[in-house]
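> Sharing a structure with you now.
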Amino acid sequence: MGAFTEKQEALVNSSWEAFKGNIPQYSVVFYTSILEKAPAAKNLFSFLANGVDPTNPKLTAHAESLFGLVRDSAAQLRANGAVVADAALGSIHSQKALNDSQFLVVKEALLKTLKEAVGDKWTDELSTALELAYDEFAAGIKKAYA
């Protein structure tokens with residue numbers, strides 16, 4: 001991977017700002033997308049026990065945290081060329097025995113959600129920047145529990 005550019009970081013930041021514009025709505029888009037592709041994922045998130053509820057503060061907090069961590073990963077990539085995930089994240093994901101296909105489902109849901117959030121500002125360049133940031137974030141989590 002080449003260096004993560006200032007423009008790529010700015011693109012990721014702009015998608016984060018769009019997401020923050022309506023966290024409850026975009027949290028629903030995100031988790032609905034996950035459950036459509038992987039219904040069993042419902043068992044991985046305690047706050048999905050009763051379905052996707054936009055008024056559930058745990059649902060919106062988790063989505064906000066994840067999307068924020070992807071944004072932070074873009075900043076780490078720009079500053080350091082690598083992402084270092086928190087060991088606690090590695091531990092949690094290790095306990096749930098997550099595999100690559102599950103990380104892919106989350107990535108696809110994240111992209112779908114942010115595409116909706118940014119609307120006509122969506123570009124291939126934005127998609128690539130988000131994919132790089134997410135992939136490096138996921139790799140950091142996996143490394144933390146390897």
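Quick reminder: no glycine exception, Cβ is built from N, Cα and C everywhere.
Sequence annotations record features per position, and here Swiss-Prot assigns heme b binding site to S46, H93, K96. Annotation comment: Swiss-Prot describes H62 as O2 binding site, evidence class similarity to another entry. Here Swiss-Prot flags 3-146 as domain 'Globin', drawing on sequence analysis. Among the features that Swiss-Prot reports, nitrated tyrosine is placed at Y26, Y31, Y134. The phosphoserine annotation in Swiss-Prot covers S46 and is backed by similarity to another entry.
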> From the recorded positions S46, H62, Y134, pick the residue whose C-alpha lies nearest to the C-alpha of Y26 (nitrated tyrosine).
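Answer for the nearest of the recorded positions: H62.
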> In whole Å, how far does the CA atom of the residue listed as 'O2 binding site' lie from that of Y31 (nitrated tyrosine)?
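Pair distance, Cα basis, whole Å: 10 Å.
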> Validating a neighbour-count step here. Other CB atoms within 10 A of the CB of S46 (heme b binding site): how many?
9
> Determine the mean pLDDT over the domain 'Globin' (3-146), rounding to the nearest whole number.
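Value for the domain 'Globin' (3-146), mean pLDDT as a whole number: 90.
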> Based on DSSP, tally up the residues of the domain 'Globin' (3-146) by helix, strand and coil.
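Residue counts for the domain 'Globin' (3-146) by secondary structure: 115 helix, 0 strand, 29 coil.
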> Let me make sure I understand the structure: which of the modified residues listed (Y26, Y31, Y134) has the fewest other Cβ atoms within 10 A of its Cβ?
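With the modified residues Y26, Y31, Y134, fewest surrounding Cβ atoms within 10 Å: Y26.
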> Whole-number Å distance between the CA of Y134 (nitrated tyrosine) and the CA of Y31 (nitrated tyrosine)?
16
